[in-house]
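The structure appears below as structure tokens.
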Amino acid sequence: MAFHVEGLVAIIVFYLAILAVGIWAAWKTKNTGSEGDRSEAIIVGGRDIGLLVGAFTMTATWVGGGYINGTAEAVYVPGYGLAWAQAPIGYSLSLALGGLFFAKPMRSKGYVTMLDPFQQLYGKRMGGLLFIPALMGEMFWAAAIFSALGATISVIIDINVNISVIISALIATMYTLVGGLYSVAYTDVVQLFCIFLGLWVSVPFAMSHPAVTDIGLTAVHQVYQAPWLGSISSLDIYTWLDNFLLLTLGGIPWQAYFQRVLSSSSATYAQVLSFLASFGCLVMALPAILIGAIGASTAWNQTEYGVPDPMTKKEADMILPIVLQYLCPVYISFFGLGAVSAAVMSSADSSILSASSMFARNIYQLSFRQNASDREIVWVMRITVFLFGASATAMALLASSVYGLWYLSSDLVYIIIFPQLLCVLFIKGTNTYGAIAGYLFGLVLRITGGEPYLYLQPLIYYPGCYPDENNIYVQRFPFKTLAMLTSFFTNIIVSYLAKYLFESGTLPPKLDFLDAVVARYSREHMDKATLVKSDNIVLNELAPVNPRHSLTLSSTFTNKEAFNYVDSSPELSNTEDDN
């Protein structure tokens with residue numbers, strides 16, 4: 001019992017330290033954005049997040065509980081091994097590609113959230129549609145890692161799973177509530193340090209345990225199970241590629257990533273942060289890989305864990321806490337527990353803040369309350385931080401297949417949001433008609449492909465599909481990437497077709513019910529609460545806005561350089577001159 005008490009004390013001290021850092025960060029920055037821009041300061045940190053803090057917070061967002069637990073599990077599971085541990089390389093490449101192609105155009109235009117360019121080009125309705133998969137991804141991800149944390153704490157300390165989930169979620173929600181991005185960023189620095197220290201301290205002790213065989217030998221030779229380096233069979237190559245592309249390209253269109261990009265002081269800083277975080281993800285994966293290799297190299301019948309081994313007991317997903325518990329001294333396992341807790345909280349707080357930011361700005365403010373005061377938006381954010389945190393906690397406690405829901409929602413981010421982001425940033429001429437068609441085609445193709453985690457039988461049987469142990473058909477064909485490409489090209493084809501039909505007079509202007517083609521170039525000068533280029537927002541659809549004639553168009557951007565970047569067309573110049 002003394003062991004349990006010591007563990008409980010250690011985790012309480014750790015949680016109090018994290019909470020103290022979060023509250024300190026909120027207090028330190030309490031006056032930031034006080035002149036009418038407090039909501040934007042909460043979302044993007046006043047756009048003055050430094051290079052060091054920015055690199056830490058961006059890395060910590062990806063290096064979560066699912067990242068380190070999942071990497072260790074993939075390396076440990078017989079037949080998979082390091083060859084199937086795709087997250088470290090996939091997410092690292094995702095950050096690098098984000099820095100190369102997406103960070104600069106997003107930051108240069110002075111956006112506040114990831115959904116801003118969609119509402120700017122496609123209108124508020126499309127922004128609302130894209131909010132759905134974005135919200136699902138953030139919420140199910142937070143719920144999944146809360147669930148994993150509860151199981152991890154219960155393994156090492158042997159306390160009730162539900163209590164550990166609730167307390168962890170409460171702490172993360174509390175400091176996110178009071179400080180926004182500032183609290184999340186500063187606590188990420190502490191949490192990333194705890195992850196690094198806790199896991200690296202544990203590795204030598206676990207590796208030197210008498211029951212552990214040299215991992216260099218077990219990497220290529222079968223001792224207790226198949227070699228942990230793993231292999232990819234010819235039948236699974238397309239599945240491997242499909243999953244790898246999902247991680248690499250689907251890891252870009254997340255608000256948690258763009259929140260860091262948009263908080264940078266310049267577009268160049270945003271790119272540098274992405275590259276630093278890309279390197280950080282690789283470094284932080286190394287101890288998790290080693291722990292998975294140690295698990296595959298252990299004679300578990302020579303430890304207190306006993307027989308059968310974790311794989312036989314279907315506890316492979318808990319291999320990291322099991323290694324910490326049974327192969328390390330008691331006090332070292334507490335360091336490891338702190339690492340896992342830090343990893344979970346560093347991702348969960350980011351997801352909660354991301355969902356709240358998108359709702360408050362893109363749904364509440366830009367779609368329903370364009371004339372809402374800054375104070376009102378701040379309170380909406382605080383309320384939704386609490387509600388989304390509570391919802392993620394409830395899903396972690398009640399849903400039996402949280403990971404299955406997260407897999408499906410992350411697929412939707414890849415299949416729906418990524419091609420839309422490509423179009424809105426890089427393909428000129430796309431419009432709302434194409435965006436809606438691409439959205440629907442991608443959604444239909446993904447759902448009809450089935451989902452084994454949710455016991456969802458496919459409606460389309462692609463070549464190579466086979467039934468699993470539950471008689472649910474699994475696709476070997478890369479149907480997710482097919483759905484993504486279909487969504488992308490559908491958007492382009494339908495957009496240009498609609499443009500041709502209206503501009504050639506084949507269809508009368510009155511049929512342009514989304515005002516996506518005919519009224520596209522009829523720009524209106526909007527109040528600061530709305531997006532600058534309101535191509536598809538018609539004035540009579542909006543709540544009344546009191547015009548402020550002293551407000552120039554360029555001041556609607558936080559970043560003045562963005563005004564020159566966005567547009568310098570004669571129409572905008574004429575509109576501005578009228579004021």
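Positions of Cβ are set from backbone N, Cα and C atoms, glycine also.
Listed in TrEMBL:
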type	residues	note
TRANSMEM	48-68	transmembrane segment
TRANSMEM	80-103	transmembrane segment
TRANSMEM	129-157	transmembrane segment
TRANSMEM	163-182	transmembrane segment
TRANSMEM	189-207	transmembrane segment
TRANSMEM	237-257	transmembrane segment
TRANSMEM	269-298	transmembrane segment
TRANSMEM	318-344	transmembrane segment
TRANSMEM	377-399	transmembrane segment
TRANSMEM	405-427	transmembrane segment
TRANSMEM	439-462	transmembrane segment
TRANSMEM	482-502	transmembrane segment
Contact ranking winner - 80-103, 163-182, 269-298, 318-344, 482-502 against the transmembrane segment (129-157), Cβ under 8 Å: 318-344
Contact ranking winner - 48-68, 189-207, 318-344, 405-427 against the transmembrane segment (237-257), Cβ under 8 Å: 405-427
Range from 80-103, 163-182, 269-298, 318-344, 482-502 with most C-beta pairs under 8 A to the transmembrane segment (48-68): 269-298
Cβ-Cβ under 8 Å with the transmembrane segment (318-344): same-chain residues at least 6 beyond its ends: 3, 6-7, 10-11, 14-15, 18, 60, 63-65, 67-69, 72-73, 76, 145-146, 148-149, 151-153, 155-157, 168, 190-192, 194-199, 201-202, 205-206, 209, 211-212, 288, 291-292, 294-295, 298, 300, 303-305, 310
Top partner of the transmembrane segment (482-502) among 163-182, 189-207, 269-298, 439-462 - counted as Cβ pairs under 8 Å: 439-462
Highest-contact recorded stretch vs the transmembrane segment (189-207), from 163-182, 269-298, 439-462, CB pairs under 8 Å: 269-298
